[in-house]
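Here is the structure we will look at, set down as structure tokens.
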Amino acid sequence: MKLCLTFLLVLMILASVTGEKSSKHTLSRAARVKNRGPSFCKADEKPCKYHADCCNCCLGGICKPSTSWIGCSTNVFLTR
């Protein structure tokens with residue numbers, strides 16, 4: 001009987017450590033946050049100082065979408 005209870009306890013701990021039961025909850029929460037978007041970023045065409053100020057990129061002091069395949073680049077040839 002003790003062996004059976006110990007085995008069940010080990011299974012419960014193992015499931016909680018590996019995230020078996022919480023994976024669906026975590027994924028659904030991540031999807032909701034992604035759809036809502038960050039609440040602290042500025043939309044396109046707003047003034048900015050850093051890339052982190054914008055939802056996309058800060059180029060020339062204005063939030064703009066990235067036009068390069070490598071992300072927010074300030075190189076003239078990559079931002080056209």
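Keep in mind that glycine also has a Cβ here, set from the backbone N, Cα and C atoms.
The signal peptide annotation in Swiss-Prot covers 1-19. Under the heading 4-hydroxyproline, Swiss-Prot lists Pro38, Pro47, Pro65, citing experimental evidence as support. Taken from Swiss-Prot, the feature disulfide bond applies to Cys41-Cys55, Cys48-Cys58, Cys54-Cys63, Cys57-Cys72, supported by similarity to another entry. Residues annotated as D-leucine in Swiss-Prot, with experimental evidence given as evidence: Leu78.
Listed disulfide-bonded residues near Pro47 (4-hydroxyproline): Cys54, Cys63 (candidates Cys41, Cys54, Cys57, Cys63, Cys72; Cα-Cα distance within 10 Å).
By the criterion of other Cβ atoms within 10 Å of the residue's own Cβ, the least surrounded of the disulfide-bonded residues Cys48, Cys54, Cys55, Cys57, Cys58 is Cys55. Taking the Cα atom of each, Cys54 (disulfide bond) and Cys41 (disulfide bond) are about 5 angstrom apart. Looking only at the disulfide-bonded residues Cys41, Cys57, Cys72, the one with its C-alpha closest to Cys63 (disulfide bond) is Cys57. Contacts of Cys72 (disulfide bond) defined by a Cβ separation under 8 A and a same-chain sequence distance of 6+ are given as His51, Asn56, Cys57, Cys58, Leu59, Ser66, in order along the sequence. Its own atom aside, the Cβ of Cys41 (disulfide bond) has 14 Cβ atoms within 10 angstroms in the protein chains shown. Here the Cα atom of Cys48 (disulfide bond) is found 10 Å from that of Cys41 (disulfide bond). Each residue contributes its Cα atom, and for Pro65 (4-hydroxyproline) and Cys55 (disulfide bond) those atoms are 8 Å apart.
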